[in-house]
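Asks: Mind having a look at this structure? Questions to follow.
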Number of protein chains: 2
Amino acid sequence: MSTAVQQNLVSKNEQYASKFTEGNLQSPPAKKYAVVTCMDARIDPAAAYGISLGDAHVIRNAGGNARDALRSLVISEQLLGTTEILLIKHTGCGMLTFKNEDAHAVVEKNLGAEAKRDLAGLDFQPFPHLEQAVEDDVNYLKAHKAIPDSVKISGWIYEVESGKVRSVV
Amino acid sequence: MSTAVQQNLVSKNEQYASKFTEGNLQSPPAKKYAVVTCMDARIDPAAAYGISLGDAHVIRNAGGNARDALRSLVISEQLLGTTEILLIKHTGCGMLTFKNEDAHAVVEKNLGAEAKRDLAGLDFQPFPHLEQAVEDDVNYLKAHKAIPDSVKISGWIYEVESGKVRSVV
Ligand SMILES: [Zn+2]
Ligand SMILES: [Zn+2]
């Protein structure tokens, strides 16, 4: 039996597909850039960051984390020709609200010792300071040998309260 | 000096923010679900999958890979209360076009032995068969101890040529 979430996907997608006219776009991003941002439900990257269909890779994870995005970024640049990265974290991010040990404790409480053990090596990558986290992630990417110096990298913050983006680094 | 990509972000975001009225949305997704899909430039998840602002976490990486998404999914479910996952891969995915050794060879050719060495342990997670990859990722998540059985998981394929989504598992 399909869920309400699945039914929403199917019915909204039918409407989308019925008006779809962009089936000839190519795989390599037309504007040759990649965006790394948070999975947060309050962010619509295409609308908020002005990304037209086909223009950019969009990588999203908890926190807009650069380490988590490394595999995708190397593929984006080395195999699909992108040459610029926008790293965009945001105000009100859940990653500001807990520490690694808190997350592991919640897993153990909800799911038991076995689940906690299976995640023993996992760094959930929370961060205590937003601006600093943007700088740290940009520096991590700039220093990484697999991201060449020719790749332009900038760091930004999106404000979920105002819809505004501001430059950090 | 700002790049054309950065200027596009700033100017398009100014337009977006000037009409923004959804600054009071909460962090936990209103419809309590998470979507895992590819970073591919031809996918606009909000539009194609019918996700309204605030409704769902959207996790994107090269291939819509479940292993890569695990950290984000555990945070989504254990800390932010989501209870359902839509895993959506797509036709024409770049991950169908190479093998791990190809990617490592490209890195070495473009960036040198040091970069290749720094990525020595990296599985780029390509896949040879699309439907099978959807099934494998759904099975991986269903079997994982940190994703409880109460989480509903389904697998889908988005067709970049037609804009249509179809159910796999
Ligand atoms: Zn966030
Ligand atoms: Zn793809």
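Each residue, glycine too, has its Cβ placed from N, Cα and C.
Checked TrEMBL, it gives:
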type	residues	note
BINDING	B:CYS38, B:ASP40, B:HIS90, B:CYS93	Zn(2+) binding site
Asks: Taking the centroid of the Cβ atoms of B:CYS38, B:ASP40, B:HIS90, B:CYS93 (Zn(2+) site), which other same-chain residues have Cβ within 8 Å of it?
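Replies: Near the Zn(2+) site, the remaining chain residues are B:THR37, B:MET39, B:ARG42, B:ILE43, B:GLY63, B:GLY64, B:LYS89, B:THR91, B:GLY92, B:GLY94, B:MET95, B:TYR158, B:VAL160.
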Asks: Do any residues at least six apart in sequence from B:CYS38 (Zn(2+) binding site), in the same chain, have a Cβ closer than 8 Å to its Cβ, and if so which, in order?
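Replies: Non-local contacts for B:CYS38 (Zn(2+) binding site): B:ARG60, B:ASN61, B:ALA62, B:GLY63, B:GLY64, B:ILE88, B:LYS89, B:HIS90, B:CYS93, B:MET95.
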